[in-house]
Amino acid sequence: GGGGRAAMAEDEGLVSVDYEVYGKVQGVFFRKYTQGEAKRLGLVGWVQNTSHGTVQGQIQGPTARVRELQEWLRKIGSPQSRISRAEFSNEKKIKALEHKEFQILK
């Protein structure tokens, strides 16, 4: 690691967004891959399975990176998953990250 960060553009603030992913997303390591992708992008938040067969969570980080993970959740996911759709809600600008890392919740 190390190295200086490029100056962020004005609209490059932090955002928080909730998500829920539908399809075959449980039992296919979806949470583990989501966590890996989030960490690669430098995002924080969480992911968990729901009782109704979806995966939900929250993403926080620089807008552009959050957009990348949203796209990943919508189209890619884990290798064996079959995503039918991803829904995003409660998007808001935040002053500081509310999570220290990206966690898998039980």
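Here the Cβ of each residue, glycine as well, is placed from N, Cα and C on the backbone.
Keep in mind it's a predicted model, so treat the numbers as computed, not measured.
Sequence annotations record features per position, and here TrEMBL assigns domain 'Acylphosphatase-like' to 16-106. Annotation comment: TrEMBL describes Arg31, Asn49 as active site.
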What's the number of neighbouring CB atoms sitting within 10 A of the CB on Asn49 (active site)?
18
For the C-alpha pair, I'd like the distance in angstrom between Asn49 (active site) and Arg31 (active site), rounded off.
8
